[in-house]
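These notes concern the structure reproduced below.
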Amino acid sequence: DFLCISLVNGFTQLRYNLGDKTVILQSLQKVHANGNTWHSLKAGRVGNEGYLDLDGINVTQKASPGMNVLDTHTDFFVGGVSSLNLVNSMAIENEPTGFTGCIREIVINNRELKLTATDPNGGANVGDCDGTVCGYTVCKNSGTCQLENSGFSCSCPQEWTGTTCEQSIHCSQNMCGSHALCIPQPSSFSYTCVCTLGWSGKYCDSKIKFYIAKFVGNSYIKYTDPYYRKRDLQYSRISLNFTTNQTEGLIVWMGKSEDEDNDFLAIGIANGTLKVVINLGERISVPLMHSKYFTCCDGRWHFVTVVQNQTCIKVYLDEELILYEDIDPQRKYTALNYGGICYFGGFEIGRKVNIVTTGLFQKEFIGKIKDVVLFQDSRKIQLMKAEGYNIYDGNSGN
């Protein structure tokens, strides 16, 4: 399998093969080869249907029946390859040759690659493109970079300040403590302090302890499982108590959530009912839905357990078996490679649940969680010892 973007006789070309046939798309217009025109290129595929967009002019290959998964486990190469024999002969039209020119702002599956000297795994014969300190995105938030004798300066839009326009004017005089993030609120010309785990108060200066974690909608906990390396990932299990009165919300996501290849096990509320989604590989997410609506959104405590025995999934709600399914009788993938990461309530600040979960869940969790147990561990995990923001003490009134 491969996916390759190249320049061919002045046109951009996308070629990919998912295991059965090679699909070729070519731009309708040529690229300006004058060395000073930036072009915007968007290319990719949804299943086996490909698209190629050069400067807003789109070419789409209609899908025909066939394979729809790109099965590659190699490094991602930009501008050239370490050895030309790595290039599949069907991936390009002519003999393979490296790219000469400038490339910036590469985004893959909604994540930007950092084109620095240190971030990539390796490379050779790559230099700075414009030869000045005013490189791409030196000035943040649409700031304009100007060369100075001593380096550079940024001219910032009126809402932003700082040497690289990185700070909102609403946070420039903030009173948030050292255990907080300042989040600007432009509509009210103000800001709010978002507290790191274990702290609360308007300015996050009050230390708290909790055994019940209270989530308010822009909260999350990220727990790293210290025993991950010792786990038998063909037999996973998670149980917890939760309470909510909302009809949408992500309760837990076991998985790294870095890209669409990552395995995961997710529990949440969707349309007022319990929803469990499992992905053991090949990007095939299998949602399991409880048939009773609004039983989980009544403000009472509920106990949920999800057990994965290879491809057999059991879901218990309040000690009653409500879902049982073999999601792949072929047993192609049988392990939950979750990377030792568990998210509770949502993801890092700025990462929206509906985007990260590709629409499987719509919102961050609002409610309370307690008594989380992984696998057959004899102890509950200590949510206080994880990382996170905006978590309140849910002990009071329980």
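Count begins at 1; order follows the chain as displayed.
Every residue, even glycine, has its Cβ placed from backbone N, Cα and C.
Caution: TrEMBL annotation is automatic and unverified by curators.
Quantities reported herein were computed from a predicted structural model and do not represent experimental measurements.
The domain 'Laminin G' feature in TrEMBL is assigned to 1-129 (among others).
The annotation disulfide bond is assigned in TrEMBL to Cys102-Cys129 (among others). Long-range C-beta contacts of Cys102 (disulfide bond), restricted to its own chain and to partners at least six residues apart, with a cutoff below 8 Å, comprise Trp38, Cys129, Asp130.
Within the chain carrying the domain 'EGF-like' (130-166), a Cβ under 8 angstroms from the stretch's Cβ atoms is held by residues 102, 104-105, 172, 186, all 6 or more beyond its ends. Annotation comment: TrEMBL describes 130-166 (among others) as domain 'EGF-like'.
Of all Cβ atoms in the protein chains displayed, 21 besides its own lie within 10 Å of the Cβ of Cys156 (disulfide bond). The disulfide bond feature in TrEMBL is assigned to Cys156-Cys165 (among others).
If you look at the domain 'EGF-like' (167-205), the same-chain residues 6 or more away from its ends with a CB under 8 A from one of its CBs are 158-161, 218, 221, 349, 384, 386-393. Here TrEMBL flags 167-205 (among others) as domain 'EGF-like'.
Every protein chain shown contributes to the tally, and the Cβ of Cys176 (disulfide bond) ends up with 19 other Cβ atoms within 10 Å. TrEMBL lists Cys176-Cys193 (among others) with the feature disulfide bond.
For Cys195-Cys204 (among others), the entry in TrEMBL reads disulfide bond. Taking Cβ-Cβ distances under 8 Å and a sequence separation of 6 or more, the neighbours of Cys195 (disulfide bond) in its chain are His179, Ala180, Gly201, Cys204, Tyr389, Asn390, Ile391.
Under the heading domain 'Laminin G', TrEMBL lists 210-398 (among others).
Take the CB of Cys193 (disulfide bond) and look out to 10 A: across all protein chains shown you find 22 other CB atoms. Geometry remark: Cys176 (disulfide bond) versus Cys156 (disulfide bond), CA distance 23 Å. If you take the Cα of Cys193 (disulfide bond) and the Cα of Cys165 (disulfide bond), they are about 20 angstrom apart, rounded to a whole number. Look at the domain 'Laminin G' (1-129): DSSP puts its residues at 3 helix, 40 strand, 86 coil.
Taking the Cβ of Cys165 (disulfide bond) as centre and 10 Å as the limit, one finds 21 other Cβ atoms among all the protein chains shown.
For the domain 'EGF-like' (167-205), DSSP puts the residue distribution at 6 helix, 17 strand, 16 coil.
Residue with the densest Cβ environment among the disulfide-bonded residues Cys129, Cys204: Cys204, by other Cβ atoms within 10 Å.
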